[in-house]
């Protein structure tokens with residue numbers, strides 16, 4: 001380990017694709033870290049007990065364990081970026097809106113709410129291929145790329161409760177969930193830009209052939 005390697009871990013963020021990847025990874029864990037900061041209060045106001053909340057929240061991560069395994073294989077078939085974009089990005093955004101809507105429409109309905117929250121575990125796993133894709137975005141600096149991936153995970157753990165602290169009192173649970181959903185949409189929009197250097201070279205070559 002040297003100062004040069006440490007510097008490489010910082011300067012790699014100057015690459016636009018790595019910076020975009022950092023944003024996508026930061027969004028990845030926002031709901032995981034953020035929902036627990038305010039969702040119990042929201043659900044309790046609709047008659048859910050603390051015990052019900054704990055059962056539902058633990059189920060999310062039980063489902064996520066198996067979903068992680070599934071989307072590892074699924075991503076290889078469907079495509080890494082497509083899986084991240086449609087399942088992790090857009091899919092998670094829709095699920096977060098359902099998390100807000102179910103108590104609004106159905107009040108206290110444990111089984112429906114538990115099902116919707118378990119979908120959080122499914123869509124959370126949509127980001128699994130990102131760990132495989134990220135080092136390929138910088139094949140000359142794979143270690144530095146993985147450091148950025150870990151940085152994104154840490155940023156997500158910080159950003160999520162910060163959003164709750166800033167907006168829950170004024171916007172309520174619906175507003176915070178809307179912000180989270182918007183960030184996941186942003187993640188989905190950015191994901192197609194996460195192309196490897198080889199893919200970018202092929203894209204340029206194809207454009208030159210057409211010119």
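Glycine too: its Cβ is placed from the backbone N, Cα and C atoms.
Please treat TrEMBL annotations as automatic predictions, because they have not gone through curation.
Annotated features in TrEMBL:
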type: DOMAIN; residues: 17-211; note: domain 'Major facilitator superfamily (MFS) profile'
type: TRANSMEM; residues: 30-48; note: transmembrane segment
type: TRANSMEM; residues: 54-74; note: transmembrane segment
type: TRANSMEM; residues: 86-106; note: transmembrane segment
type: TRANSMEM; residues: 112-136; note: transmembrane segment
type: TRANSMEM; residues: 148-168; note: transmembrane segment
type: TRANSMEM; residues: 174-194; note: transmembrane segment
Look at every Cβ pair spanning the transmembrane segment (86-106) and the transmembrane segment (148-168), keep those 6 or more apart in sequence, and say whether at least 3 of them are under 8 Å.
no
What stretch in 30-48, 54-74, 112-136, 174-194 has the biggest tally of Cβ pairs under 8 Å against the transmembrane segment (148-168)?
30-48
For the transmembrane segment (174-194), which stretch among 30-48, 54-74, 112-136 has the most Cβ pairs under 8 A?
30-48
Give the nonlocal contacts of the transmembrane segment (54-74) in its own chain as ranges (CB under 8 Å, at least six residues past its ends).
35-36, 83, 87, 110, 113-114, 117-118, 120-122, 124-126, 128-129
For the transmembrane segment (112-136), sequence-distant contacts whose Cβ falls under 8 Å of one of its Cβ atoms, 6 or more beyond its ends:
21, 24-25, 28, 31-32, 35, 43, 48, 55-57, 59-64, 67-68, 70-72, 75, 80-81, 83-84, 86-89, 91-92, 95-96, 98-99, 102-103, 106, 142, 145-146, 148-149, 194, 196
Find the average pLDDT over the domain 'Major facilitator superfamily (MFS) profile' (17-211) in the predicted model and report it.
96
